[in-house]
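Undergrad: I am attaching a structure below and will ask some questions about it afterwards.
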Amino acid sequence: MADGLEEELRGKGSIGTTKRGIGPTYSSKVTRNGIRMCDFVGNWDAFVTKYKELITYVRRRYPKLDINVQETLQELTAYRERILPMVCDTVSLMNKLIADPNCEILVEGAQSNMLDVDFGTYPNVTSSNCTVGGACTGLGIPPARIGPVYGVLKAYTTRVGSGPFPTELKDGIGSRLQELGKEWGVTTKRRRRVGWLDTVIVRYAHMINNFSALALTKLDILDGLEEVLIGRAYIDTETGQELAVPPADSSILERVNVVYDVLPGWSESTCGCTSLDQLPEAARQYVLAVERLCGIPIRWIGTGASRNAIIVRDV
């Protein structure tokens with residue numbers, strides 16, 4: 001509710017949040033009146049006091065906030081009993097597992113580098129760190145214990161919500177990729193915006209995360225296009241300057257023109273291919289061009305929704 005009310009206050013400057021309370025939760029963390037899991041599963045009377053204080057604080061900013069405190073506390077009591085057996089000190093747990101030579105840990109990040117609160121297209125970002133550093137701040141993993149870092153990117157670029165999107169396609173090709181790629185937001189079911197692959201942001205993400213290799217997904221969605229474009233640089237339309245990285249100022253990113261490499265498309269299907277040799281020549285050249293422009297080896301290539309529809313390269 002608070003998330004939706006905050007978007008109302010922003011008016012035309014709304015940032016297109018999911019309205020799931022992510023922003024207000026992180027805000028309360030920074031203002032130091034947030035409720036932590038140890039509060040929730042600890043002394044109940046102390047939790048109730050903190051909860052009521054938080055509601056009073058939030059109501060000062062959002063007078064329209066309609067919440068029945070007693071009913072909500074009743075619901076939370078039931079949730080508390082359900083999750084109590086699942087809660088532990090995760091920092092100790094993670095570091096115990098890391099110390100076990102027979103244990104391997106895979107940490108999967110959500111969202112994307114350009115939605116990172118520090119390095120993304122601020123203010124059109126999420127509230128947390130989506131970069132590899134999030135594994136340290138979110139899980140308590142020592143930076144020196146992080147092994148290989150793999151980047152995942154689609155064969156085209158997508159975005160949910162508002163914010164700058166230099167390679168966005170607002171034509172029939174964009175609609176085609178959206179439909180074939182089933183590009184709908186997981187949380188909100190909003191239609192994702194679609195555009196050509198932007199290697200400027202991939203190289204920028206590599207600076208921050210130092211990828212060991214890339215996984216290129218949804219290559220099959222590009223099947224049937226006469227030509228495919230790859231964004232390789234930005235030109236600031238006001239200064240004429242070529243930009244090597246996305247500018248921190250989103251207003252500059254909104255006005256850039258994109259320099260594209262144009263490659264021939266392919267009519268043959270790549271769906272289900274499991275080796276590079278099975279791909280049409282034009283599709284192979286596309287993969288190699290992406291690899292060259294990103295400057296990172298592509299180890300995996302997704303060619304369909306099936307778990308087996310993947311090409312694994314020895315790079």
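Note that Cβ sites are derived from N, Cα and C of the backbone, with glycine treated the same way.
Not my notes, these are from TrEMBL:
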- Thr18, Arg32, Gln111, Thr126, Arg190: IMP binding site (BINDING)
- Lys29: active site (ACT_SITE)
- Val186, Thr187, Thr188, Lys189, Arg190, Arg191, Arg192: substrate binding site (BINDING)
- Arg192, Lys218, Leu219, Asp220, Gly302, Thr303, Gly304: GTP binding site (BINDING)
Undergrad: I'd like to confirm something. Which of the recorded positions, Lys29, Thr126, Asp220, Gly302, Gly304, has a Cα closest to the Cα of Thr187 (substrate binding site)?
TA: Thr126
Undergrad: Would you mind ranking the binding-site residues Gly302, Gly304 by how many other Cβ atoms sit within 10 Å of each Cβ and giving me the lowest?
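TA: Sparsest of the binding-site residues Gly302, Gly304 by Cβ contacts within 10 Å: Gly304.
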Undergrad: If I restrict to non-local contacts, at least six residues apart, and a C-beta distance under 8 angstroms, what lies near Thr303 (GTP binding site) in its own chain?
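TA: Set apart from Thr303 (GTP binding site) by at least 6 residues yet with Cβ under 8 Å, we have Leu219, Asp220, Thr270, Cys271, Gly272, Cys273, Thr274, Ala309, Ile310, Ile311.
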Undergrad: Let me check the 10 A CB neighbour count of Arg190 (IMP binding site). How many other CB atoms are there?
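TA: Total other Cβ atoms inside 10 Å, all chains included: 14.
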Undergrad: Far apart in sequence but close in space: which same-chain residues, 6 or more away, have a Cβ under 8 Å from Arg192 (substrate binding site)?
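TA: Once residues fewer than 6 apart are set aside, Arg192 (substrate binding site) is near Thr158, Arg159, Val160, Gln178, Glu183, Trp184, Gly185.
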Undergrad: In the structure shown, which of the binding-site residues Thr126, Thr187 has the fewest Cβ neighbours within 10 Å?
TA: Thr187
Undergrad: Among all chains shown, work out which of the recorded positions Lys29, Arg32, Lys189, Lys218 has the most CB atoms within 10 A of its CB.
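TA: Going through Lys29, Arg32, Lys189, Lys218 one by one, the largest Cβ count within 10 Å is at Lys218.
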Undergrad: Rounded to an integer, what is the Cα-Cα distance in Å between the residue listed as 'active site' and Thr188 (substrate binding site)?
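TA: The separation of the Cα atoms works out to 24 Å.
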Undergrad: Express the distance between the Cα positions of Gly304 (GTP binding site) and Arg32 (IMP binding site) as a whole number of Å.
TA: 45
Undergrad: Relative to the Cβ position of Val186 (substrate binding site), how many further Cβ atoms are located within 10 Å?
TA: 10
Undergrad: Expressed to the nearest Å, what is the distance separating Arg191 (substrate binding site) and Lys218 (GTP binding site) at their Cα atoms?
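TA: So the Cα of Lys218 (GTP binding site) lies 17 Å away from that of Arg191 (substrate binding site).
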Undergrad: Tell me the Cβ neighbour count for Gln111 (IMP binding site), meaning other Cβ atoms within 10 Å of its Cβ, over all protein chains shown.
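TA: Looking across every protein chain shown, the total is 15.
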Undergrad: Take the C-alpha atoms of Lys218 (GTP binding site) and Thr188 (substrate binding site) and report the distance between them in angstrom, rounded.
TA: 22
Undergrad: For Gly302 (GTP binding site), what is the secondary structure by DSSP, using just helix, strand and coil?
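TA: Once the DSSP labels are grouped into three classes, Gly302 (GTP binding site) ends up as strand.
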